[in-house]
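Asks: Take a look at this one; I'll ask things after.
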């Protein structure tokens with residue numbers, strides 16, 4: 001062994017060996033239990049950040065641990081390679097997105113290798129490669145023919161700068177998440193997945209996911225949003241509208257129908273269009289409504305506005321005429337684009353009615369008789385739907401509880417054919433059309449005679465041309481006749497290819513399954529390989545993907561199951577959502593009102609005795625800087641740490657050790673230079689300890705009966721540590737406590753008697769085990785140490801150390817001794833010592849004698865294995 005720990009040399013040697021021997025290649029083996037560990041694959045943005053390092057280290061620790069336990073481990077890696085950033089980079093740099101993407105992939109791959117991850121690179125995939133998206137297109141055509149994918153006009157968020165449709169989640173405070181432009185509403189033809197057909201399965205199967213965080217399951221339940229209610233039909237008031245018809249709404253509160261005082265419709269509703277004819281003010285208001293976001297979150301936050309159409313509908317039970325209002329909070333793409341308003345018992349309607357002086361009719365009161373209704377001030381009980389309330393001012397329905405009123409009113413609506421009990425979901429069908437270039441082409445041909453025709457399987461893939469430089473004004477594909485001009489597969493006539501591409505969430509919804517057989521060119525997945533590897537045993541990624549990616553992947557798994565491609569119902573058996581990597585931020589205010597963010601390494605800090613920052617100044621000019629607080633590492637706040645620079649200074653193992661030791665995986669990890677230095681010191685100490693042992697010469701075997709008390713104590717500590725670390729890695733997934741346990745073991749090693757042949761033999765046992773225990777976290781240094789401890793053997797070929805149960809049986813135990821409840825000393829007795837022998841040993845302790853002050857013992861309490869309390 002080298003005298004000093006040299007991360008660069010140690011890590012290069014291990015990585016070269018692993019690469020040369022294809023150490024992490026996974027092959028199906030029915031004779032062994034499998035373990036599929038997967039990190040959410042990265043977008044090839046150019047460089048890894050510390051969030052990536054933490055995510056992939058967690059997965060790698062679990063994969064390496066399971067390998068030691070004898071599992072056949074698969075840990076693949078690939079690239080979520082389509083997407084808008086590549087187009088933006090292309091426009092900025094004047095190159096094709098493909099070239100930018102492939103260059104980034106090559107660089108990031110070297111970064112991943114430098115971190116020592118146990119990846120099977122033979123299974124690498126990139127979603128922008130035709131051999132990948134070909135199968136996505138194949139599934140699209142299958143689902144289109146089955147009706148699971150359909151086309152319809154949809155109201156969407158349109159970003160006028162990026163010239164594309166945005167998902168609701170890409171709209172932040174009414175603006176596009178990338179461009180910052182005010183989002184408009186537009187109605188365009190789009191392709192949709194009928195994810196709503198799977199809503200009940202997606203909801204029910206959450207109960208099967210015992211290995212998922214409850215928080216994520218709750219978020220998905222809320223997103224799917226199952227509710228029970230009723231469709232309610234309000235017939236048109238022909239006198240005001242001019243013709244017969246009906247307005248249908250869905251409500252979860254039919255019990256409050258008697259309190260409906262108006263209805264509200266979306267700006268795109270036919271009644272709004274009719275009323276706006278010849279009404280300039282209403283036309284202007286409708287135009288204003290159409291310029292906002294269609295995201296529910298944005299609608300919930302914005303000021304509620306409305307305008308009376310002058311039209312009316314008829315209340316289905318009372319026959320009253322109710323005014324029809326256009327309101328900006330009603331979305332055309334949701335349900336019927338209309339809602340019934342019960343201002344007395346819905347907070348949003350309450351605010352709206354008070355703003356526009358609309359009637360507020362109370363139809364619910366507290367069953368206890370307490371509480372007066374105040375139409376000017378909202379109170380929580382107004383919206384209650386439980387046994388605490390009963391109906392009032394509701395005619396024949398008066399005095400009913402929530403459920404009784406619910407059932408009675410729906411019954412009467414059904415009898416009059418003006419309503420129907422209904423279960424509904426908040427979940428909406430998934431619109432996947434994107435007016436973008438760098439994505440998977442939608443495999444549809446538009447024929448004037450035959451309509452929309454799926455591309456035949458023999459003609460797949462529809463290949464995306466890669467030598468294109470977008471200009472930002474719409475999709476380049478729509479300007480390329482060489483791409484879109486084609487012939488109809490049915491009639492042979494002139495036709496046009498679809499120029500929209502798919503939402504990039506489609507690619508990331510099935511990649512985990514493709515890893516089972518990435519080179520299969522006859523099917524989307526090889527059924528035999530998929531049945532061996534799937535489900536993914538452990539999926540690791542950020543909680544920001546709790547809803548969309550994870551919901552879409554669950555949906556796709558069910559689609560593939562229904563196509564006979566996979567056998568299971570769910571893709572991911574266990575899910576670990578790691579916390580963010582955060583760091584201090586520093587800045588100076590600039591004259592233009594913006595902030596100049598200063599990198600932490602350029603700041604000199606002054607701290608108080610408790611470690612709190614009391615002053616900060618710039619390293620260059622010595623002038624003060626503002627402490628901005630702890631935030632997620634990001635380019636925008638200039639508080640990131642470049643993994644590559646870090647590895648060059650400290651090595652990958654220090655990064656891995658610090659990441660796993662600084663915080664439990666599910667919590668945020670605060671970056672600490674002192675913590676990094678501490679991790680580096682520990683690895684140097686580990687190396688030095690092993691080197692000193694190895695340099696002392698060959699170790700002879702020993703018999704357990706030859707051990708002295710110190711050596712027995714060390715073996716007791718060792719085998720207890722093996723037990724604990726296995727539990728920390730496996731069941732608890734708390735890697736910081738596993739590291740702490742090994743540190744404690746090495747502290748015990750330093751204090752133990754490791755002299756002589758027997759002492760050195762015990763030392764060898766401890767160091768071998770400690771090396772194996774730490775190897776999932778710091779694999780390079782452990783590989784180097786193992787080569788020195790056990791020449792001619794390979795660490796990767798070893799098994800997890802076995803617990804010697806005999807070592808955990810102590811022949812002697814230490815008991816604390818108290819006098820009148822106060823600790824006065826300790827005694828060592830035989831583990832099987834009788835009560836009177838324990839009492840005698842305690843009474844004979846010199847410090848105990850001193851504090852008994854010659855008084856007789858009134859009572860002696862022995863707590864087995866723990867303490868003796870003498871009462872005088």
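Cβ coordinates come from backbone N, Cα and C, glycine included.
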Asks: I'm validating the feature mapping. Which of 627-631, 632-636, 637-641 is tagged motif ''KMSKS' region' in Swiss-Prot?
Replies: 632-636
Asks: Please find, within the list 20-30, 31-41, 42-52, the residue stretch that Swiss-Prot describes as motif ''HIGH' region'.
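Replies: So the range that Swiss-Prot calls motif ''HIGH' region' is 42-52.
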Asks: So if I measure Cβ to Cβ from residue 635 (ATP binding site) and keep only same-chain residues at least 6 apart in sequence, which ones fall under 8 Å?
Replies: none
Asks: Restricting attention to the motif ''KMSKS' region' (632-636), give the mean pLDDT.
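Replies: For the motif ''KMSKS' region' (632-636), the model's average pLDDT rounds to 90.
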Asks: Using DSSP, break the motif ''HIGH' region' (42-52) down into helix, strand and coil residues and give each count.
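Replies: Secondary-structure composition of the motif ''HIGH' region' (42-52): 3 helix, 0 strand, 8 coil.
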Asks: In the motif ''KMSKS' region' (632-636), how many residues does DSSP assign to helix, to strand and to coil?
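Replies: Reading the DSSP string over the motif ''KMSKS' region' (632-636) gives 0 helix, 1 strand, 4 coil.
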